[in-house]
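Copied from TrEMBL, the annotated features are:
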TRANSMEM  B:12-35  transmembrane segment
TRANSMEM  B:114-138  transmembrane segment
DOMAIN    B:114-304  domain 'ABC transmembrane type-1'
TRANSMEM  B:150-171  transmembrane segment
TRANSMEM  B:183-201  transmembrane segment
TRANSMEM  B:230-251  transmembrane segment
TRANSMEM  B:283-304  transmembrane segment
Amino acid sequence: MATTMITTLDRSSRAAARGLSDISIRNLFIIPTVLFLIVFNIFPLIYSLGYSFTDFRASTNAPANFVGLQNYRDLLNDPYVWSNFAITAKYVIISVAGQLLVGFGVAMLLNRDIPMKGLLTTLLLLPMMLSMAVVGLFWKLLYDPSFGIINYALGLGTFEWLSDPKMALYAVALTDIWMWSPFVMLLSLAGLSAVPKHLYEAAAIDRAGPFYTFFRITLPLVAPILMIAVIFRTMEAFKTFDLAYILTSQPTAELISIRLYKMAFQEWQTGRSCALAYIVLIMVLAITNIYVKYLNKVKER
Amino acid sequence: MAAVRTSSEIGFNRVAIVAVLVVTIIFLAPIYWIASTAFKPRNLATTIPPTIVFQPEISPFVKLFTKRSQMRSPPSPEEYAAAPWWERVVFDGGEKIVRDGKGQVQWSGYPSRFLNSLIIAITSTVLAVGMGTFTAYGFSRFKVKGEADLLFFILSTRMLPPVVVAIPMFLMYRAVGLNDSHVGLIILYTAFNLSFSVWLMKGFMDEIPKEYEEAALVDGYTRMEAFFKIVLPEAATGIAATAVFCFITAWNEYAFALIMTNRRAQTAPPFIPSQVGSGLPDWTVIAAGTFLFLLPVAIFTFLLRNHLLRGMSFGAIRK
């Protein structure tokens with residue numbers, strides 16, 4: 001931990017003797033942040049770990065009873081919860097695949113001399129900067145079966161997007177693709193612009209076809225950065241709450257975060273929701289771990 | 001691209017440019033629709049075919065800020081003539097503005113939510129960026145034992161799903177009376193943004209040559225003086241970019257705000273959707289509220305355009 005760190009930096013100047021030592025400055029700069037995060041992120045998690053072994057309900061004054069692993073056992077045997085995980089997995093796959101396709105595709109199109117390229121890129125990036133909840137709400141109007149512009153533009157008549165149980169999850173994913181394809185595009189553009197030009201020149205001299213050039217030069221060189229985009233979006237899509245919660249109340253689109261929210265703040269099954277939160281937490285940390293490993297790998301290049 | 005350009009390549013370039021324009025239009029259409037609906041008269045907001053050309057109105061914004069009630073009969077000519085312009089546009093929609101006994105105009109819930117959003121986002125940004133800058137400097141310049149693990153720990157706090165953290169925080173806040181308080185949300189958003197700010201600022205700090213401070217130290221500056229007088233000015237751009245990112249995150253945040261606040265400290269993101277109750281919502285008012293709420297972020301995105309890549313990848317990809 002921070003207190004046991006040693007420093008190797010030492011200034012032999014007169015100033016170093018006058019002011020605080022490097023070790024004190026380092027500790028002064030780092031320890032408050034670490035403490036702050038422990039108090040407001042780690043401590044609450046320890047607190048909820050305790051509750052996850054009880055039948056506590058925050059809506060009543062009844063004391064919490066210790067129930068051991070009962071909550072975890074119940075949750076893992078609950079087909080309802082498993083279906084929430086299945087819905088989440090489906091959602092993650094659809095939305096991340098869509099973002100990868102659209103984002104990388106647009107990046108390929110943009111990766112050339114285009115008039116006003118900077119402005120176009122900035123405009124394309126706008127959706128991902130906006131509030132998911134607030135913009136998501138407006139998509140309700142766009143999806144409206146009778147007067148939404150989506151049905152009008154596509155000539156779909158009164159197609160039900162959000163109130164059809166089969167369609168709701170896809171509609172949420174479509175909005176997510178709209179919001180987050182720009183993210184994949186942004187990272188892809190960075191990857192594409194880093195591919196050395198001489199490789200393409202060499203390929204052109206060798207009369208390599210566009211497919212060969214794409215699969216043998218472009219894709220392998222952009223892959224690491226695409227991987228970062230995919231892992232990051234997977235993690236975020238797995239946590240999705242705002243968009244799905246606002247757009248639809250269809251049980252077929254009930255992602256795990258929404259189940260967790262309902263269990264904790266509508267059904268007030270506090271103890272049990274803490275247990276579910278831990279199951280979700282472990283999954284997220286696993287993905288985060290992979291993500292950080294990849295980040296460091298790309299950084300080293 | 002390639003040094004040798006064939007005519008088919010140039011042809012493809014043209015196709016690609018057209019395709020890019022089409023994609024841009026599709027991507028911006030929803031945002032354009034929000035902006036245009038915010039200036040429509042109510043009866044044109046939900047027409048089929050959609051109304052594209054119309055006389056823009058300011059009435060959605062007047063309605064956004066005031067409490068209104070339906071009028072049974074249209075106002076008398078005298079009443080209409082005596083009313084200020086902003087009340088007339090409401091009369092035209094068959095409604096009137098609610099006033100209290102003293103004739104004071106009653107505000108809707110929107111202005112206070114907007115103000116809450118501003119207070120909470122700005123305060124938490126200042127705290128997160130302030131602490132983050134110091135910590136990033138510490139990690140950038142000094143040897144820290146277990147640095148990689150500490151940095152992973154810091155990042156992982158940001159990756160936690162909000163609902164997971166919100167359950168225990170809700171119970172703890174309830175115990176100490178911080179539910180529905182500005183301070184409560186500020187703490188949560190500071191914690192959430194702090195990790196991001198450390199990661200991003202560390203990248204910026206790493207780019208400032210160590211030689212600058214070393215020269216200052218040789219000249220008799222203390223480490224602290226060197227930090228404040230040499231490093232901070234050099235890091236100004238990075239600090240500004242990080243601050244804008246933190247502001248946008250706090251400004252847009254929904255889940256914590258939904259769970260932790262209900263009235264006094266409620267921010268705009270949970271408030272705006274709550275206006276869509278049962279029945280037919282007035283989409284022009286919702287669009288007006290959304291438009292005002294999105295405007296700062298749109299401006300910031302434009303200012304940030306050269307730092308977006310860096311910010312969105314937590315400083316990992318710099319270009």
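Heads up, the Cβ atoms here are built off N, Cα and C, so glycines get one too.
Annotations in TrEMBL come from automatic prediction, not curation.
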Subject >> Interface check, the transmembrane segment (B:12-35) with the transmembrane segment (B:183-201), three or more C-beta pairs under 8 A >> reply: no
Subject >> Contact set, same chain, for the transmembrane segment (B:230-251): CB under 8 Å, 6 or more residues outside the stretch >> reply: 117, 120-122, 124-126, 128-129, 132-133, 137, 189, 192-193, 196-197, 200-201, 203-205, 207-208, 212-213, 216, 221, 296-297, 300-301, 303-304, 307, 310-311
**OP:** State the non-local partners of the transmembrane segment (B:183-201) in its own chain: residues 6+ outside its ends, Cβ under 8 Å from one of its Cβ atoms.
**Re:** 120-121, 123-125, 127-129, 131-133, 135-137, 139, 151, 154-158, 162, 165, 169, 173, 235, 238-239, 241-242, 245-246, 249-250, 253, 256-257, 260-261, 265, 267, 310-311, 314-315
Original post:
Taking residues 6+ outside the transmembrane segment (B:150-171), which of them lie with a CB under 8 Å of any CB in it?
Top reply: 139, 144, 179, 188, 191-192, 194-196, 198-199, 202, 253, 255-256, 259-260, 314
Subject >> For the transmembrane segment (B:283-304), sequence-distant contacts whose Cβ falls under 8 Å of one of its Cβ atoms, 6 or more beyond its ends >> reply: 31, 34-35, 37-38, 40-42, 45-46, 59-61, 63-64, 110, 114, 117, 241, 244-245, 247-248, 251-252, 268-269, 272, 275-276, 311
